[in-house]
């Protein structure tokens, strides 16, 4: 399975760079080759328990697929913005690609450094890849851009040491690279933009995303350190938790956002949410869907109480939430993507806050949340945090958040790029859901070395093609310009990757589909 997964990633890397081959293509290929070899060193360290931190079990390291995501995103963003003539975001794409390569290289060097005996051949490959990347960065980046890349690397190193120690068994090395690398980049961007505020420059919804992500992460770090010294399950600690959340929110996060958008954040948010009648209808509709999702949770828990204490939600039951999320995102993508962007940020902040309440057992809802959500745990929730529902939200939202709006003057990209915001809906909402449901109920022919079935993968590809046809019918802004072969190849590669990867597919698959469609 690891070899097939690696082969699929290599095909995606070569496909993307076949469209736009430049100096970064040599770096990407060199990085992929060395990550392939280092991946086996990480796997050996995980098996022997010598990986310094405790990583998630029942999965390989995932270094190769994770290492290529951020560099490829940067490369396709650079090419799209170059074609649109937007120099600022073209340079931003270069910085993203360089940062992703350096973070992946750091993780590889870490694995090689703690492997005993020292793997000579892998060290040579890592040295060659590092030399190519550093040489290319030297001739591609300005001094300020080099400093920015090094700042992200420094934040990543410190965040990794803190969070991987505090949250054992929550991530594989590859997932840690994606999640912590993304948070490090967001934190650096927020600091950079806070120090260079120019009135009227920048979209408030982008600032809202940056402040929300950094705010909830800092909130979590603060309470994690605090509850080392206090018992978080008492009423006094719970009252202190709610009080400090309000203080940090109103005293730090709100003023920070005010400095960036130059207006009252609460008034701006209320005005934004209720600006048009369409937005009001969408908010009412989403509220009904949220209520139905809560109803599923309560019903399944009532069923568990009446049947057996050991009752666990089936795969099909867990996929109800995928259907609800698809029903949430599709109208937002068709009618108001900016509202969907902001609503997804709010949902992410709420999800993470509720996870803090559950994890720290904050009264009065902490223990209730633990009981309700334990029904939906699977083998990927082996650590102290329950992250699968947050990964589902991220997988659906990242294509919306990462869509290069400034490089798409008409609000959409030409050709297959028009489907980029739908990457999460296609890969996770439709593909992964249909593959799980049909594979678990009717699948008989298993892919070699995996539990996934041939029937599940084929029905997933077919369902995504039907979904693309429906998007063409209902979304008039989508014009594929005869790029159907590329869309079919993209969907097929990502569906095969879903069958073979042991990483969190809700996070990985939408990003790879977005990369392919943007290319």
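Backbone N, Cα and C atoms are what each Cβ position is placed from, and that goes for glycine too.
A Cβ distance under 8 Å defines the sequence-distant neighbours of the transmembrane segment (7-37), meaning residues of its chain 6+ beyond its ends; these are 63-65, 67-68, 71-72, 75-76, 78-79, 94, 97, 101, 104-105, 108, 121-122, 125-126, 128-129, 132-133, 136, 139-140, 489, 493, 496-497, 500, 512, 515-516, 519. The transmembrane segment feature in TrEMBL is assigned to 7-37 (among others).
Within its own chain, the transmembrane segment (57-76) is flanked in space by residues 2, 5-6, 9, 12-13, 16-17, 20, 24-25, 27-28, 31-32, 35-36, 38-39, 42-43, 46, 93-101, 103-104, 107-108, 111, 169, 172-175, 177-178, 181-182, 185, 379-380, 382, 402, 497, 501-503, 508, 511-512, 514-515, 518-519, which lie at least six positions past its ends and keep a Cβ under 8 Å from the stretch. Under the heading transmembrane segment, TrEMBL lists 57-76 (among others).
Taken from TrEMBL, the feature transmembrane segment applies to 88-112 (among others).
Taken from TrEMBL, the feature transmembrane segment covers 118-137 (among others).
Look at TrEMBL and you will find 149-167 (among others) tagged as transmembrane segment.
The annotation transmembrane segment is assigned in TrEMBL to 278-299 (among others).
Among the features that TrEMBL reports, transmembrane segment is placed at 320-335 (among others). Using a Cβ-Cβ cut-off under 8 Å and counting only residues 6 or more beyond its ends in the same chain, the transmembrane segment (320-335) has close neighbours at 278, 282, 285-286, 289, 292-293, 296, 343, 389, 392-393, 396, 400, 421-422, 424-425, 428-430, 432-433, 474-475.
Residues of the same chain lying 6 or more positions beyond the ends of the transmembrane segment (341-361) and with a Cβ under 8 Å from any Cβ of it are 205, 208-209, 212-213, 215-216, 219-220, 223, 227, 232-233, 237, 241, 245, 269, 272-273, 283, 286, 332, 367, 369-370, 373, 384-387, 389-390, 393-394, 396-397, 400-401. If you look up TrEMBL, you'll see 341-361 (among others) marked as transmembrane segment.
As annotated by TrEMBL, transmembrane segment applies to 382-402 (among others).
Within the chain carrying the transmembrane segment (422-442), a Cβ under 8 angstroms from the stretch's Cβ atoms is held by residues 315-316, 319, 322-323, 325-326, 329-330, 333, 392, 395-400, 452-453, 455-457, 459-461, 463-464, 467-468, 471, 491, 494-495, 498-499, 505-506, 509-514, 517, all 6 or more beyond its ends. Per TrEMBL, the feature transmembrane segment maps to 422-442 (among others).
Summarising the annotation, TrEMBL assigns transmembrane segment to 454-474 (among others). Using a Cβ-Cβ cut-off under 8 Å and counting only residues 6 or more beyond its ends in the same chain, the transmembrane segment (454-474) has close neighbours at 334, 419, 422, 425-427, 430-432, 434-436, 438-440, 442-447, 480, 487-488, 491-492, 495-496, 498-499.
What TrEMBL lists as transmembrane segment is 486-513 (among others). Within its own chain, the transmembrane segment (486-513) has Cβ neighbours under 8 Å at 1, 4-5, 8-9, 11-12, 15, 58-60, 62, 65-66, 69, 73, 172, 174-175, 178-179, 380, 387-388, 391-392, 394-396, 398-399, 415-416, 419, 423-424, 426-428, 431-432, 435, 447, 450, 452, 456-457, 460-461, 464-465, 468, 480, counting only residues six or more beyond its boundaries.
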*Counting only residues 6+ away from its ends, which parts of the chain sit with a Cβ under 8 Å from the transmembrane segment (278-299)?*
317, 320-321, 324, 327-328, 331-332, 335-336, 339, 343, 372-373, 375-376
*For the transmembrane segment (118-137), could you work out the same-chain residues 6 or more beyond its ends whose Cβ comes under 8 Å from its Cβ atoms?*
23-24, 26-27, 30-31, 33-34, 37-38, 41, 98, 101-102, 105, 108-109, 112, 146, 149
*Contact set, same chain, for the transmembrane segment (88-112): CB under 8 Å, 6 or more residues outside the stretch*: 24, 27-28, 31, 34-35, 38, 41-42, 45, 52, 61, 63, 66-82, 118-119, 122-123, 126, 129-130, 133, 137, 140-141, 145, 148-149, 152-153, 156-157, 173, 177, 181, 184-185, 404, 406-407
